[in-house]
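The following features are taken from TrEMBL:
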DOMAIN    7-149  domain 'Lactate/malate dehydrogenase N-terminal'
BINDING   12, 13, 14, 15, 16, 17, 18, 38, 98, 232  NAD(+) binding site
BINDING   85, 91, 123, 157  substrate binding site
DOMAIN    151-314  domain 'Lactate/malate dehydrogenase C-terminal'
ACT_SITE  181  active site, proton acceptor
C-alpha cells in the first residue's frame, strides 16, 4: 500500500529561523510537500530551496490572504513566526509582540488543518503554547497529543556543553532537560546524564547556568542584532525528523518537548515524551531527582505556572489580530 503524502507547513519561513529551517527540511526523508509562508520573502525562499536536488515539492505563500492556503491539508505545521529577542526585552514584552501573531496563525490552522501536528518555536514558549491550546479549545479542535512547544535546543546545548567538558562527541551524550523554555524554568538533569557526568558540584552549577543563559549568550554575541536562529533551526529540524519517524510507525522515539502533561504540578511541562502516530504517545514520568534537582524543580514550578496562566488569560482577553 502506498504511503500517504506528508505535507509540512512552515509559518514564518522568511525569518531568521524559518529560512535555515526550510533549507534543512529539504534533506528530511518523508516530507513530500513543503509549504512556506510569511508576510514577505517566501516566494524567493521557495524558489531557492526548490532547486535543491531532493525529493518533494516546495511552494511559497505570502501575506495574510495566503496563510490558510499555505496550511490547507498540512500534516505538520511548524510555527516560527514572530519577533526575536533583543537585549533588554522582557518576556512580557516579547509576549505582547508575538502573542497576537501566534493566535492569528493558530486560528487559521483550526480552519485549514485542524488535525495537524503543531510544533511551536515562537517565544516565549511557556506562554505561547498555553495560548495556542486555548485558541484551539475555543475552535473545538484541541488535541493535547498534537501540540508541542519545541525545547529541543535546550537538549542540543546541554549535549554540546557536556560533550565539550567531558571531551567526548556531543552526539554520544543523552540528558533530559525538564521544566520550561525560559532561563529560570530550564533544568538539565545531570543525575540522568548518559554517559555518567564526570564533574563536581561546581561544574554542574556552572554548566547548568550556561545552559539556562545560552540564549542570552547568543543575543549578546550578535550585538543585539539577532538571536539563536541557526541553532534553533537545527534543533527544530531534529525534532521534526523524530516526529516524522514516529508518524511512519517507528517505536521508542523519545524527545523532550513542552506539552500538556500531568507529570508535574503544572498544566504544561517540558520533559521526555514518547512520540507516536498521533503525536504524544505518553509523557515519561520524572525520575528520582537528587536534592539540587528537586529544589530547582520546586523553585521553577511557581514561575512556570504563572507563565501558563498568563498564556491562558492572554488568549481569553485577546480580541483582534
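We count from 1, first residue shown onward.
In case you wondered, yes, glycine gets a Cβ from its N, Cα and C as well.
TrEMBL feature annotations superimposed on the structure.
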residue : record                       : DSSP class
12      : NAD(+) binding site          : coil
18      : NAD(+) binding site          : helix
85      : substrate binding site       : coil
91      : substrate binding site       : helix
98      : NAD(+) binding site          : helix
123     : substrate binding site       : coil
157     : substrate binding site       : helix
181     : active site, proton acceptor : coil
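Using CA atoms as reference points, the recorded positions 85, 91, 123, 181 were checked against residue 12 (NAD(+) binding site), and the closest is 123. Residue with the densest Cβ environment among the recorded positions 85, 91, 181: 181, by other Cβ atoms within 10 Å. Close to residue 98 (NAD(+) binding site) in the fold, though at least 6 residues off in sequence, lie 81, 82, 83, 122, 123, 124, 128, each with a CB less than 8 Å from its CB. DSSP labels the residues of the domain 'Lactate/malate dehydrogenase N-terminal' (7-149) in these numbers: 65 helix, 28 strand, 50 coil. Neighbour list (residue 18 (NAD(+) binding site), Cβ cut-off 8 Å, at least 6 residues apart, same chain): 10, 11, 12, 36, 38, 45, 80, 81, 233. Considering only the residues assigned to NAD(+) binding, 12, 13, 14, 15, 16, 17, 18, 38, 98, 232, the longest pairwise Cα distance works out to 18 Å.
The CA atom of residue 157 (substrate binding site) is located 13 Å away from the CA atom of the residue listed as 'active site, proton acceptor'.
If you take the C-beta of residue 16 (NAD(+) binding site) and look for same-chain residues 6 or more apart in sequence within under 8 angstroms, you find 84, 226, 227, 229. Sequence-distant contacts of residue 14 (NAD(+) binding site), defined by Cβ-Cβ distance under 8 angstroms and a gap of at least six in the same chain, are 36, 38, 39, 40, 41, 42, 45. Pairwise Cα distances among 85, 91, 123, 157, the recorded substrate-binding residues, top out at 21 Å. Taking the C-alpha positions, the distance from residue 181 (active site, proton acceptor) to residue 85 (substrate binding site) comes to 13 Å. Every protein chain shown contributes to the tally, and the Cβ of residue 12 (NAD(+) binding site) ends up with 25 other Cβ atoms within 10 Å.
Mean model confidence of the domain 'Lactate/malate dehydrogenase C-terminal' (151-314) amounts to 97 (pLDDT, 0 to 100 scale).
Other Cβ atoms within 10 Å of the Cβ of residue 157 (substrate binding site) number 25 in total over all chains. Its Cβ placed at the centre, residue 123 (substrate binding site) has 24 other Cβ atoms within 10 Å.
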